[in-house]
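Just below is one structure, and these are the notes that go with it.
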Number of protein chains: 4
Amino acid sequence: MAGNSFGNVFRIITWGESHGRGMGVVVDGCPAGLALSEKDVQVELDRRRPGQSSVSTSRAEEDRVEILSGIFEGATTGTPISMLVWNRDAKSSAYDALRDRPRPGHADLGYVARYGVRDHRGGGRSSGRETVGRVAGGAVAKRLLAESGILVVGYVRELGGVRAGIPDDADISRLRDEAEKNPVRCPDQKAAEEMVRAIDQARWDGDSLGGVAEVVARGVPAGLGEPVFDKLDADLARSLMGIGAVKAVEIGAGVEAARMRGSEMNDPILPEPEGPIFETNNAGGILGGISTGAPIICRIYVKPTPSISRPQRTVDLSTGDSAEIEIKGRHDPAIPPRIVPVAEAMVALVLADHLLRLRMARI
Amino acid sequence: MAGNSFGNVFRIITWGESHGRGMGVVVDGCPAGLALSEKDVQVELDRRRPGQSSVSTSRAEEDRVEILSGIFEGATTGTPISMLVWNRDAKSSAYDALRDRPRPGHADLGYVARYGVRDHRGGGRSSGRETVGRVAGGAVAKRLLAESGILVVGYVRELGGVRAGIPDDADISRLRDEAEKNPVRCPDQKAAEEMVRAIDQARWDGDSLGGVAEVVARGVPAGLGEPVFDKLDADLARSLMGIGAVKAVEIGAGVEAARMRGSEMNDPILPEPEGPIFETNNAGGILGGISTGAPIICRIYVKPTPSISRPQRTVDLSTGDSAEIEIKGRHDPAIPPRIVPVAEAMVALVLADHLLRLRMARI
Amino acid sequence: MAGNSFGNVFRIITWGESHGRGMGVVVDGCPAGLALSEKDVQVELDRRRPGQSSVSTSRAEEDRVEILSGIFEGATTGTPISMLVWNRDAKSSAYDALRDRPRPGHADLGYVARYGVRDHRGGGRSSGRETVGRVAGGAVAKRLLAESGILVVGYVRELGGVRAGIPDDADISRLRDEAEKNPVRCPDQKAAEEMVRAIDQARWDGDSLGGVAEVVARGVPAGLGEPVFDKLDADLARSLMGIGAVKAVEIGAGVEAARMRGSEMNDPILPEPEGPIFETNNAGGILGGISTGAPIICRIYVKPTPSISRPQRTVDLSTGDSAEIEIKGRHDPAIPPRIVPVAEAMVALVLADHLLRLRMARI
Amino acid sequence: MAGNSFGNVFRIITWGESHGRGMGVVVDGCPAGLALSEKDVQVELDRRRPGQSSVSTSRAEEDRVEILSGIFEGATTGTPISMLVWNRDAKSSAYDALRDRPRPGHADLGYVARYGVRDHRGGGRSSGRETVGRVAGGAVAKRLLAESGILVVGYVRELGGVRAGIPDDADISRLRDEAEKNPVRCPDQKAAEEMVRAIDQARWDGDSLGGVAEVVARGVPAGLGEPVFDKLDADLARSLMGIGAVKAVEIGAGVEAARMRGSEMNDPILPEPEGPIFETNNAGGILGGISTGAPIICRIYVKPTPSISRPQRTVDLSTGDSAEIEIKGRHDPAIPPRIVPVAEAMVALVLADHLLRLRMARI
């Protein structure tokens, strides 16, 4: 109800503030018997970690996960999996000047309106650092999906106006490998270089950039998704729009679908020995809220980082007067590269939840 | 859990199939003391009703709502409000030919994969007719919002490639009045005429069109939305992506945000006697998942109606062979005009839920 | 959240007031493929129906159920099952005198404190008539349980101080058959006769009686129940204490367990070819919140009907003065016989829910 | 869904196994602005802590709580409150002999049936140690209740057959002070001495004792509780039956109500300047599931500790043969004294949840 948990059957709750003692997550509802180790989680946290390259924040956090419960002799027991990461490199003093000056593009005023109080240090709970818990929980979901042959891969398609060239029929394992080779997580190496240059320029300008990321899930069986409100695409949209800085979500042909005719948009159904398949995938693997067996394709549109060092106009809450603000913290000048593992985690959490719910659809 | 209910505190559950005995909704969690009559609900159902004009299906349903519980002496009592609409004009025989032939662009194969069985008559539960319950529930939510001075308005921005001209600073009461004057619900009368022509052409071609609708909520106070997973925009995205045929959802600048710089995207904060306001509204009224007090702006991208009379390729499930399908039912050649009241209902339901949840944010 | 729904996976929501237009229930989460007809539901409603005998209220309701959705060709489709019973014999005028006089032993004052308003006609939503929806929903749960070989049986153990003699090893099908032979639903025919006499006396005195009912479930496999808060016994306790007039719930040895030593209470574990079994069943079929495979045994203690025709002291809310009240409606002088089908329904709903949840416990 | 969380609006999730790294709880939904310190929680954990006296287990755990999130400048911020207690004195080797021998009276067989695996060390998640999280969460709930003038007090009424003499009109602050003076938490000092002797005898015999505890809440306003399934008494019953070893729960007159007549049971309503009150409190402060304003009175019947050192019959799961078991761990010979703070915590959690939900009952 207070919005810090996610999922129905496979469920996580995250806790922790940017400059508090640590970040954590409890995974509840993971079935017993799943092989799981701290290493499975650490590899995903390492992808999310700050300070990985010149294009991300210089906050240095080791982000070493400790699993405190729910595992016995290398496998899950069906009880809650509590995971913890300590905060080490919080520099709260950088935020003292911001105490009374809400940052444009941030949730600061909303928190005050809602709660009356606000932990202003590093954005508190609204910080991107909150996603540590999501990524750790998502790593468990990915392990569960892997047991069913489901693979979730994300990458950057566009950044600062630079678009990657990605063939429609590209193998997603390959895309993942290519994307992980560069700091912007773009599978097109040439575009990636341009993106890095664009980021360098934006940082020089005291400004920031937006972009587009895509997440694909392969191996999802037909039948996932509840048909009315808990449609698979509805739950994906919620999970992705719930990541800070995401302003639009699309599935399959998405925005372009609005400009097609039915005869173009509808994916023809073809006979195959193992059952019907689809000739094209404008649907993005989901029809009527239920997976079709084709790959699930989601795209998110990410706004530029709101924290910029250029002067911006705001208000001093202590006086009510106009004021100027220059944000000095350590920030990523473009969020898309680091949003990729978070978006993968959210997609994995939604799929894991619906995969379990599928077990209850028939007598 | 089975996906037929929506909302947390203000909650609805819908039931009914297109060709079953009727459609209904139960509203649970509406506070006591809200003035409510069948007329409040009927006016919204009339906007959703089929057969309103030449551009929609000719299925003739009176859709007269009966409130069966939860009202005493003209006001809500805090107990569940059960509402019922009987189905009158279902013509199931038109669907007999489709029993073994899944329709492209529909959920037919997914239902079979999920449940093993499927009520094939008129799409069963996946029919657009299911939205009767949503609109009835949304009408109650709108009444609740009205008590707090919140108005929710929707209209069509684009259809079949025709874009409406809508000034950024247009008054939304005015937009609503203009939109309700024409059968495509577009506030730009000239564009509306072109849209009607485009629809006529598409029907002639045995084809269908997509489009874009916008929903705006005015008067929403700052502070609505839970900060992590139940963000206001996340819940709006889910509610809107959960409407059949929607393939993308955006908030505020949406897709365009991905191509902006931070200095353009961030809405400057200005002092006003009643508290800080925003100079622009690229955020669409939501920052960090919490309402800012500015108007909430959502946009949905709607695919063309999947039911078209042109021949399409599918599979005969009884033989496994390739087959052709021509869909003869009565269908809207473009969904956006009739999706508007549904999208308004979903937005109203999300806002009503979060408005009540706001009461619990502080001691 | 507003408390009108019950269950997690297998879930019902009930609606309707005693003197409103009708009573209903929506069952959400019933798996597809379960054979179900109106007759399956009607048989249970007939057991709950008023006016069955001299020991119950004379309100004459046919209580004929109509299934409005969720069934296709004789079986469930996985979509919501909406069921409706019209109210026919409400006599609201009998309640006009009670409008300002809260009835002792009833929720009247609580409703006013909570909602500010109250539908005073026949108790409104707090009426025993609300259980129509529970019993209809429970009938579906019973069908689901029957597919797994689970049988739920209830009967009266004690009424107005008269205790039935029931052998510990009695077969529960037999107990059911015996209990259904008399109007007090007691499997001991001789005790039943005494109970009827006690009821007649109480009615003559303008008074009412309490009693004890027992519900047993046979065939429940080991492993049902979530180990911490959603323990099987915890959920049973909630489901049974949530029936009006129930003041205590016990499982297995129950109250007596508090006076035993560990060496008496612990049920010894014995080897059997099909796996370990228990020599005794003090646990009532549940240990640590998880079913053991032995019969589940619940007992409820029911207070005497609060509506009595003898004068009682209350307050006139319009004046604030002391007042007298004589309740003239048509009431059962003892609730236990008619609570039996309701208690069975609640136990069936809990078991159906946990039976489905068991599917998610392991990978 | 997996049963490790409790509450709707004010919600906790607990994690941790008896012999794992630690125990914890996350409180989600606590309103912002509540003054809270580690000391508020520690005082309750100290009451629950093992090794407090000769009548409890000798396991020595400091149980020092660390609050990791959700507090800023001494008050809650509306974000999740994560609390952690490390396990220090787990002696797992004592349990090696039990790996294949399910303990009578414990959940061991159920865990295996449910999950296929089981963390056998100290009972794993089914250990009484899991209640650390409940008590910590309950301490936050108590702080919230205290702000509204609500006090929750528990004590032992009966143990090993020894009954305390407690006047009906005793002040509960006084009862609490008296109860905390002796190791069995009984407000009648003379009875307390007898109880201690009974425990000593049982331990000497290698056996254990059961008992009865009572929890009273004073200052609860009228109007708490949802009227149908989430009745206040139903939720209390679930919360209390969900504590390990509890086999029966009663409210107010409880079991005795079944033997009363309506004219005895109904509490007469009397006029008072501040509004109607009740002459007696057989209802235990709840009518129709809604609080009446009178004190809430709950009673739990606790079975004797199942872990006893006397030989018991069980089965060796590795061979399937009959076997004997003698349980050598460190156990409380009677649970009631240490169940008191846990039961108080559960009652406080239920009341805090319903207190917040009351805010949504009216427009």
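Placement of Cβ uses the backbone N, Cα and C atoms for every residue, glycine included.
When C:ARG134, C:ARG143, C:ARG313, C:ARG330 are compared with the FMN site residues C:ARG125, C:SER126, C:SER127, C:GLY288, C:LYS303, C:PRO304, C:THR305, C:PRO306, C:SER307 in TrEMBL, the one appearing in that site is C:ARG330. In the structure shown, across all protein chains, C:THR305 is the one of the binding-site residues C:SER127, C:THR305, C:SER307 with the greatest number of other Cβ atoms within 10 Å. Residue density at C:LYS303 (FMN binding site): 30 other Cβ atoms are found within 10 A of its Cβ, drawing on all protein chains shown. Cβ contacts within 10 Å of C:ARG125 (FMN binding site), excluding its own Cβ and spanning all protein chains shown: 29.
C:ARG48 (NADP(+) binding site) carries a helical DSSP state (H, G or I).
Separating the Cα atoms of C:SER127 (FMN binding site) and C:ARG48 (NADP(+) binding site) is a whole-number distance of 14 Å. C:SER307 (FMN binding site) carries neither a helix nor a strand DSSP state and counts as coil. If you measure from the Cα atom of C:LYS303 (FMN binding site) to that of C:ARG48 (NADP(+) binding site), you get 18 Å. Here the C-alpha separation of C:THR305 (FMN binding site) and C:ARG48 (NADP(+) binding site) works out to 16 Å.
Contact annotation for chain B: of the listed binding-site residues (C:ARG125, C:LYS303, C:SER307), C:ARG125 place their CB atoms under 8 A from a CB atom of that chain. Residues C:ARG125, C:SER126, C:SER127, C:GLY288, C:LYS303, C:PRO304, C:THR305, C:PRO306, C:SER307, C:ARG330 are recorded as binding FMN; their most distant pair of Cα atoms lies 43 Å apart.
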